[in-house]
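Trainee: Below you'll find the structure I mean.
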Amino acid sequence: MRVGVLTGGGDCPGLNAVIRAIVRKGVQEYGYDFTGFRDGWRGPLEGVTVPLSIPVVRGILPRGGTILGSSRTNPFDAEYAGQGVRRIRDSLATYGIDSLITIGGEDTLGVAATLSDEYGIPCVGVPKTIDNDLSGTDYTFGFDTAVGIATEAIDRLHTTAESHMRVLVVEVMGRHAGWIALHSGLAGGANVILIPEQRFDTDQVCEWVTSRFRASYAPIVVVAEGAAPATGGMILKDDSHDSFGHVRLSGVGEWLAKEIERRTGKEARTTVLGHVQRGGTPSAFDRWLATRFGLHAIDAVHEGVSGVMVALRGTDIVRVPISEATARLKTVDPALYAEAGVFFG
Ligand code: F6P
């Protein structure tokens, strides 16, 4: 039995922990061989592989990134001229792959669902994304690390904001889902939290900012990159798209700081956390979750199932159809706005 493994989409802390768990259990308990595919779907599309064995995965548990590399390659993109599935099938045959473990977010796993359900290519999915926006699982690994990094940044920004009595706007990742903004904003004691799920009223944001100054404190505003004002759309970095059609975001923090300055007369600065949230060593929680996902993914392969994704429900690891998990994004529940309503624009 030979198992293929690939990591696709934006990288995230914990990917190596999953790979290590899969290989260790697969070799030691089931006697499997492994082939790593390089850079997400580009690996099987172009036949680029990486050796995977116990010596290769030794010591990678605390390392960020992915030893397999990652990319946002889409086999159904026009670039592959309708030949993507054939090329993947050919690669899997060439390397003698019996089952493919795909570790990714909505895009990478969306491809895995199609390959499995429509083309009969055996795939098992593992959910990853710092955004925590995959349905079917309570949490994805990477999210906890990103929230920890963002929270530490907010803590640090409080002291400098107070010293200068300025507004500090912190832009965090989160294209369509505001989970990182919500969790880090509440954990870091931000005064305003703006998320993509709810358009914000800039006048209201400015009112909160002003009232914070009236109480002799300097306000911290956390804004997800995908948050947008009530009038106008999301703020794009440029007009490029990736091969899954996603626009590049970032800029709302800078825009908002300027608006706050203009409307309140208070000095405002922006910190864009960007890829710092995705890099570096995973938190203990993410190592724990990623390791459990890896162990359960190789069990699913051993049982001969396909088209399923391992998922966290409470403290249990369960299996859900990949197609179900990727059918719609898991966004912040409006009930949470009510719970922490005062913080939302
Ligand atoms: O993987 C999700 C994510 O971190 C989003 O929050 C963000 O918009 C995007 O990736 C950035 O992608 P890239 O690194 O390709 O610019």
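Cβ coordinates come from backbone N, Cα and C, glycine included.
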Trainee: Looking at substrate binding as recorded in TrEMBL, which candidate out of E79, E225, E324 goes with T129, I130, D131, R166, M173, G174, R175, R269, H275, V276, Q277, R278?
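Mentor: Only hit among E79, E225, E324 in TrEMBL's substrate site, alongside T129, I130, D131, R166, M173, G174, R175, R269, H275, V276, Q277, R278: E225.
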Trainee: Using DSSP and collapsing to three states, where does D107 (site 'Important for catalytic activity and substrate specificity') fall: helix, strand or coil?
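Mentor: Looking at the DSSP assignment, D107 (site 'Important for catalytic activity and substrate specificity') belongs to a helix.
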Trainee: Please check the binding-site residues G10, D131, M173, R175, V276 against ligand 1 and give me the ones with CB under 6 A, sequence order.
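Mentor: Checked binding-site residues vs ligand 1; flagged G10, D131, M173, R175.
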Trainee: Measuring Cα to Cα across T129, I130, D131, R166, M173, G174, R175, E225, R269, H275, V276, Q277, R278, which the record gives as the substrate binders, how far apart are the two most distant ones in Å?
Mentor: 33
Trainee: Compute the C-alpha separation of E106 (Mg(2+) binding site) from M173 (substrate binding site), stating it in Å without decimals.
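Mentor: E106 (Mg(2+) binding site) to M173 (substrate binding site), Cα-Cα distance: 16 Å.
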